[in-house]
Amino acid sequence: MKEENGFAGFLNTAVNRLSGVLNDTAPTKSQSLKNGVNNEGNRGFSLFRNPRFMSDEKLSSEASSHSTLGQQQARDGRQSPSKEAPFGEGELKLENFENQENEADEAENEETSYSEQNHTENTEEIAEESRPLERTHSGSNHHEASSTGHLNLPPLENTLSQGSAITAPSRKVSITSSNGVSARLSGYAFANSKRNRDFHRIFKVLPPEDHLIDDYGCALQRDIFLHGRMYLSESHICFNSSIFGWVTNIVIPVTEIVSVEKKSTAVVFPNAIQITTLHARYIFASFISRDTTYQLIIAIWKNTHPFLTTLANGHGVMDASGNHHSGSSNQSINADSSAGSEGVDEGTSTEANDESSEDDDEDNNTDEANEDAQSNVSDESPKGEGSSHSDNVVLSDGNSVKKMNEDGADTSLLSVSEVTSHPPTEWTGSPLAHVLCSDVVNLSVSTVFNLLCGSDTTWIINFFKSEKLTEIKIGKWEKIDDKWNRKVQYIKPVAPPYRQTSCYITDTIQHLDINNYIEILSTTSTPDVPSGTSFVVKTLYALSWAHSSKTKLNISYSVEWSKSSWLKGPIEKGAQEGQASYVKDLLTAFENYKVSPKGRRKKITKHTKKKNKHASETSVAPEKVDNSSIEQSSSFLTKLYTFPFTIITWLMHPTHLLLVVMFSMLVLQWWYMQQILHAELPSTSSRSDSSRDLDFDHIPMDDTAFKLWITSRLDSVERDRDFVYENSDPNLEHGKIKIATDYMERRLKKLKERLRKLEASGYI
């Protein structure tokens, strides 16, 4: 019984404390406490607030209000609900506390979800104030309270205590380096901030967000090995070397790398890595841990191109299309050659202009009937369609141009008549994706067309030669599907390491109207290069008439892809550069081209040709002699003037400078050894010839040596004398002293005679 009374007292204390922190009830507290029940039949209690967020003034005001209410209840003759409801009686039962605890858990979950929805931007911060939730008792409990006349207690609610927290949603976890930068390369950490600052201090061209991962000691293989360090970052592979003030910096973007291979130095030592880009090849040797460096380079490379697959032997890569690209092959990836070389898209040279002028002179020697025999457009079907491919091309090898068909004539080639005057016209077509030029050329439309696509391919072939193209093959014009087509093929040299590449061009005349406009589409493909089968370059040429019978030339191009490739960016960049260079050369060629003046030409016989030829030879011969002599003298002066600059340029090469320094050191060493071996004594060099003649009685030592000997002997005699006196032995070393004294007397006598002779001869 005592235990039950103690537990009842504990419950009464808990109820009093709970009633002290209750929030405002729904009608006024005084009215509800006086009546004992709610007028509306339901008693509502609000979720009380956390005392941590309540001000002291509010707590004190609530305490005073509750004390006032208690006094008012006492005056009304009512007892406290806690006194009227001892343990086991009334409406306060243990089941109520259990039900209220479950309901409190549900309320806490609802409150937590609500707080998460309102704090999505910063989920780690706890809401400063919880949203109150209102709960009501059921109608049955209210009916029981009204019937018994007792006041039902509010349900026990769980609230956010001072140590509670709201669960934040899951966040993405990333591994960060020591300097706080999130690493995008999985499994590798960035270098510390000091090394990163030193890295950007050396390579100032790199963006600051390109962080250093690691660096390794190695040597760049060139004419000599340049020892330095390789720096690996997220987007670049860099190398720095400083030898005797010669600084070498290399920055290789990872996006331009074609292959990464393991190599051996001197075919024996497996400590080198070869990195090949679109335009260059770099060999780094002398790695202490070659495999570790190689794996990191491959990881960075794959991080930039996630769909790359390294082959099993570690040589070359394979792209998503399955094409294997080997870094050791001689294929060219130079987009300059794959995009900028078209069948009608090369520049000219002075040699081409000279040969064109010679062709015009030969045309002037034809008959008048041949002058008027020009057709507008040759619509004849090509001959020899069943012949081999070699019979339908014009081959240029070296300086010779050969037509491969047997009869020596190419009647299927296209040509248009020369129109010298025409009003302006407008090109109604649309350009391709990238416009290269829209300029006016000081030539007629017919002239420009004949130079590019005419039957006489001398100009275009010479132009190809000026661009250093080889194995030029220009096919015949063939009419296919009412459109003229021509095949062009040549080999273009490119930058190392690939040396050259083959280009295949198809020229198609889409619209041919000399009185309106001409439209030519040239399609270039380079299947031999990596990803060469995945794209073609199309170039559109539009010729229309401008003012003063000139030509309005519109050139545009586009790169069309049939497959996806990881070299798309570099290839399109190279295509843009190659096309821009080509257009510049082409416009220069048209400006340098000169049309021979047309006029009434006389019929020239064979006798007239021979006579004119002989006169021209006799008149030009002296000029050639004079010009040759002038050229020789001018060339000699030019060489003499440029010789110092040539030497300086030659010495600027590190290898040459090192050889010169080593040779100079060898010469200096040889001279120094000669000076040591054949050195002359000071007194000997000062002697005159006359004194040598007078020295008939030669003394076996010079003056300086004699003085040194005298001094040493006197010291020795002095020491011996002291020793003799101290030891009282007069016979000790007596013989040696006597010999020295005799020699000194003879020496003194000879010196006196020599002095006398010099005085007699007048030297003293």
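Cβ coordinates are placed from backbone N, Cα and C, and glycine is handled just like the others.
The feature N-linked glycosylation site is assigned by Swiss-Prot to N23 (among others).
Marked as compositional bias 'Polar residues' by Swiss-Prot: 25-41 (among others).
Per Swiss-Prot, compositional bias 'Polar residues' is recorded for 61-82 (among others).
Look at Swiss-Prot and you will find 98-113 (among others) tagged as compositional bias 'Acidic residues'.
Summarising the annotation, Swiss-Prot assigns compositional bias 'Basic and acidic residues' to 118-145.
The N-linked glycosylation site annotation in Swiss-Prot covers N118 (among others), and the record cites sequence analysis as its basis.
Taken from Swiss-Prot, the feature compositional bias 'Polar residues' covers 158-173 (among others).
Annotation source Swiss-Prot lists domain 'GRAM' at 197-264.
The N-linked glycosylation site annotation in Swiss-Prot covers N240 (among others) and is backed by sequence analysis. Residue density at N240 (N-linked glycosylation site): 19 other Cβ atoms are found within 10 A of its Cβ, drawing on all protein chains shown.
As annotated by Swiss-Prot, compositional bias 'Low complexity' applies to 321-330.
Among the features that Swiss-Prot reports, N-linked glycosylation site is placed at N330 (among others).
The annotation compositional bias 'Polar residues' is assigned in Swiss-Prot to 331-340 (among others).
For 352-371 (among others), the entry in Swiss-Prot reads compositional bias 'Acidic residues'.
Here Swiss-Prot flags N364 (among others) as N-linked glycosylation site.
Swiss-Prot lists N376 (among others) with the feature N-linked glycosylation site, giving sequence analysis as the kind of evidence.
According to Swiss-Prot, the feature compositional bias 'Polar residues' maps to 389-399 (among others).
DSSP states for the domain 'GRAM' (197-264), grouped as helix (H, G, I), strand (E, B) and coil, give 9 helix, 43 strand, 16 coil.
Long-range contacts of the transmembrane segment (647-667) within the same chain: residues 223-224, 243, 246, each at least 6 residues beyond the stretch ends and with a Cβ under 8 Å from a Cβ of the stretch. The glycosylation sites examined here are N442, N554; by Cβ neighbour count within 10 Å, the least packed of them is N442. Rounded to a whole number, the C-alpha distance linking N240 (N-linked glycosylation site) with N442 (N-linked glycosylation site) is 51 angstrom. Here the domain 'GRAM' (197-264) has a mean pLDDT of 91 out of 100.
On the backbone, the CA of N442 (N-linked glycosylation site) and the CA of N554 (N-linked glycosylation site) stand 14 Å apart. For the recorded site, N554 (N-linked glycosylation site), the DSSP three-state label reads strand.
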